[in-house]
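A.B. asks: Starting off with a structure, shown below.
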Amino acid sequence: MSSIAQKNRNYFLYIFYGRIFNSSDKTFFIIKKQLVIAPNFFSVDQKLICSSELFCGTACSRSLVVLYENYKKIVILNSPQFFAGLDSGRENQSPDGSVQGNGLKWMLFLCQKSKRTIFSNHSNLFQCPSVAIVLVLALVILGVLAAIPLTLMLTSSAQKMSTDSTDLTDYSIRHPKFWPKTDKIHFDDLGGIPMSSMFPPNVSTCSGFGFACTGAVHMVIPSSKRCDGFKDCQDGSDEENCKECQSVFSCRSHIEEDSKKKRKTKVQPTLICLTAERLCNGVQDCLDGSDEAMCKSTCSKDQFKCNGSNACLPLSAKCDGVKDCSDGSDENNCNKCQKGAHVSLVSRNIKHLFASHVCDGVAQCADRSDEQQCDCKTCSGSDKALCDDGTCIKRSQVCDGKKDCSDGMDEENCPGTCSIEAFATKVKRVTCSDGKDYTESEACSGVEESCGGSCSKCHPKLTFTCPAAGNAQKKCIKRSKVCDGIFDCDDGADEKNCTPVKECGIDNASQFTCDRKCVDASRRCDGVWDCEDKSDEQNCSQCASGSIKCSADKKCLPAYTRCNGVAECSDGSDELKCSCEECLGAHSNTYMCSESNRCLKRDEVCSPYSMCPNATYTDKAYCAALVLKNSGRFPY
């Protein structure tokens with residue numbers, strides 16, 4: 001987190017609406033309305049801060065304030081100049097009639113002290129006479145005395161109020177439509193949810209590194225993109241107040257054009273960073289015109305000329321990992337890189353990476369070497385995460401089911417996981433075509449279609465094995481897909497030797513019809529779905545050994561449906577009292593609730609709040625982050 005963002009947490013923004021009066025010896029303000037904006041919803045340009053003792057003492061500052069709503073800038077308030085959006089425009093006298101004052105005004109104060117200190121040491125603000133002050137003090141004393149019985153009553157009931165039996169559910173806006181029922185809301189829910197609980201212990205968000213955009217403090221860019229000549233922040237703040245440039249050319253002041261008056265004006269001299277595409281382009285960016293004075297038709301031996309431009313760059317800009325020329329010609333045909341740029345071999349061709357592409361969370365080298373040996377200085381940014389092994393990845397890759405860090409540390413202790421060390425080594429896993437890891441029993445039982453061709457051996461009872469022949473690869477399909485009229489095997493083996501439906505049961509009474517195919521009666525109630533409509537496992541008095549029996553429905557379920565997050569039995573008995581091994585050891589796309597024996601489908605655990613009974617902070621944080629991410633409002 002940036003220093004500005006950290007500092008803003010210690011401030012509250014007070015907005016007052018009323019009349020202010022000034023005289024030679026006093027200033028007072030009659031308040032009509034007051035609004036307090038909580039931290040993290042405003043941004044402050046710390047350069048413009050000035051102290052004031054009108055309300056909050058020396059801890060109060062008046063400065064440029066930017067208000068946000070859902071991370072979108074809604075208004076910019078400039079103080080100490082009053083925000084006169086609702087100015088009545090009338091002159092009014094002070095209460096004693098001696099001083100002329102302005103009309104209704106908005107006043108802004110960014111205060112570090114608590115709300116109760118706003119009027120401390122400023123009793124003269126309202127010009128109260130001493131008698132009135134005495135009366136106020138007397139009323140305060142009477143109030144304290146009257147509060148004693150109430151305090152005793154609350155103290156005696158404090159223990160009762162703090163127990164888990166206290167049900168705050170009626171006070172929450174939660175109306176569930178899906179199983180399970182709403183869990184009770186506790187006093188802990190009144191606090192904030194720490195987003196740090198979303199990340200594994202061996203993965204860092206590198207808080208405090210990078211540059212926070214002034215106009216959007218939630219947006220952090222890597223340090224490598226600060227003052228490089230490109231505006232990465234929407235407000236361009238990453239290219240302002242530069243002390244040193246990463247681009248090849250810089251100057252101390254520049255020309256700005258007034259869009260209304262169509263004239264160029266001189267601004268306060270400051271260091272600006274220019275890329276080569278802004279040199280010799282006919283636009284004077286520097287006050288002294290140096291960006292347009294270095295144009296030559298022929299460059300010297302110690303210079304490099306961009307293709308299609310008259311700009312001559314120093315040779316140090318060649319192959320330095322920074323795209324200075326608009327066409328990138330300064331970074332082409334590189335046999336050797338400078339300044340930490342990276343070379344990799346891809347498809348037998350030398351690929352030169354810009355410095356900004358190294359440790360950016362996206363592997364562009366075949367061996368992923370451009371994302372290794374990174375640190376928080378290089379892997380900083382609101383969309384990146386750093387593994388303990390030095391691998392830089394995108395935050396969206398954390399806890400996504402794929403192992404991106406060595407030893408899979410980015411998938412450890414994620415929300416919805418539990419400790420399975422006792423049997424983790426016994427569970428065999430298969431990497432399927434979608435890049436995710438699945439348990440072998442799940443991958444090779446035909447449940448996951450992306451795993452059909454990834455298994456060396458298919459489940460003998462639950463699946464049909466499509467043979468490998470020619471270009472056709474061996475794969476596992478569900479038994480219910482055999483003889484269903486659809487070719488699932490590449491060679492059509494699943495639709496061969498099938499009994500026509502019209503002949504089903506004529507010569508062999510031990511057959512029955514379902515889903516346009518014949519099924520042997522011996523396969524009824526065996527815990528395997530041979531029919532797509534699952535009718536072969538319904539109306540069963542007994543179930544085969546190893547299968548699951550739904551007593552309320554008289555149907556049999558395959559063993560792998562136990563604790564898979566889907567309630568197949570009408571009473572939900574197949575999903576009750578799930579263990580960690582049953583939930584995560586046998587399934588891959590499941591979520592184990594933190595403090596219950598409930599296992600849910602990971603993509604169904606939030607709707608939109610956590611469906612876990614007795615949901616913990618981690619369960620709620622997971623769903624809160626998911627909702628914000630899906631709505632495009634998550635700050636990375």
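Glycine residues also receive a Cβ, built from the backbone N, Cα and C atoms like all the rest.
Summarising the annotation, Swiss-Prot assigns transmembrane segment to 131-151 and lists sequence analysis as the type of evidence. Positions annotated as topological domain 'Extracellular' by Swiss-Prot: 152-636. Sequence annotations record features per position, and here Swiss-Prot assigns N-linked glycosylation site to N202, N508, N614. The annotation disulfide bond is assigned in Swiss-Prot to C213-C233, C227-C242, C251-C286, C280-C295, C299-C312, C306-C325, C359-C374, C387-C405, C466-C489, C525-C540, C543-C556, C563-C578 (among others). Look at Swiss-Prot and you will find 336-375 tagged as domain 'LDL-receptor class A 4', backed by sequence analysis. The domain 'LDL-receptor class A 5' annotation in Swiss-Prot covers 378-415 and is backed by sequence analysis. Swiss-Prot lists 457-499 with the feature domain 'LDL-receptor class A 6'. Residues or ranges marked as domain 'LDL-receptor class A 7' by Swiss-Prot: 503-541.
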A.B. asks: For a quick check of packing: other C-beta atoms within 10 Å of the C-beta of C525 (disulfide bond), how many?
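C.D. replies: The Cβ of C525 (disulfide bond) has 21 Cβ neighbours within 10 Å.
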A.B. asks: Among the recorded positions listed here (C227, C242, N614), which has the Cα closest to the Cα of C299 (disulfide bond)?
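C.D. replies: Considering only the listed recorded positions, the nearest one is C227.
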A.B. asks: What is the separation, in Å, between the Cα atoms of C213 (disulfide bond) and C295 (disulfide bond)?
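C.D. replies: Roughly 34 Å, rounded to the nearest whole number.
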A.B. asks: Ranking the disulfide-bonded residues C306, C359, C540, C556, C563 by other Cβ atoms within 10 Å, which is at the bottom?
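C.D. replies: Across C306, C359, C540, C556, C563, these disulfide-bonded residues, the one with fewest Cβ atoms within 10 Å is C540.
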A.B. asks: Ranked by the number of other Cβ atoms within 10 Å of their own Cβ, which of the disulfide-bonded residues C233, C299, C578 ranks first?
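C.D. replies: Of the disulfide-bonded residues C233, C299, C578, the highest Cβ count within 10 Å belongs to C578.
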A.B. asks: Given the disulfide-bonded residues C280, C405, C466, which one's Cβ is surrounded by the fewest other Cβ atoms within 10 Å?
C.D. replies: C280
A.B. asks: What is the nearest of the disulfide-bonded residues C227, C306, C325, C525 to N614 (N-linked glycosylation site), using the Cα of each?
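C.D. replies: Its closest listed neighbour, by Cα, is C525.
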A.B. asks: Counting distance between Cα atoms, which of the disulfide-bonded residues C227, C306, C312, C387, C405 is nearest C295 (disulfide bond)?
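C.D. replies: With Cα distances computed to C295 (disulfide bond), the winner among C227, C306, C312, C387, C405 is C312.
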A.B. asks: DSSP helix, strand and coil counts for the domain 'LDL-receptor class A 6' (457-499)?
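C.D. replies: Counting residues per DSSP class in the domain 'LDL-receptor class A 6' (457-499), I get 6 helix, 10 strand, 27 coil.
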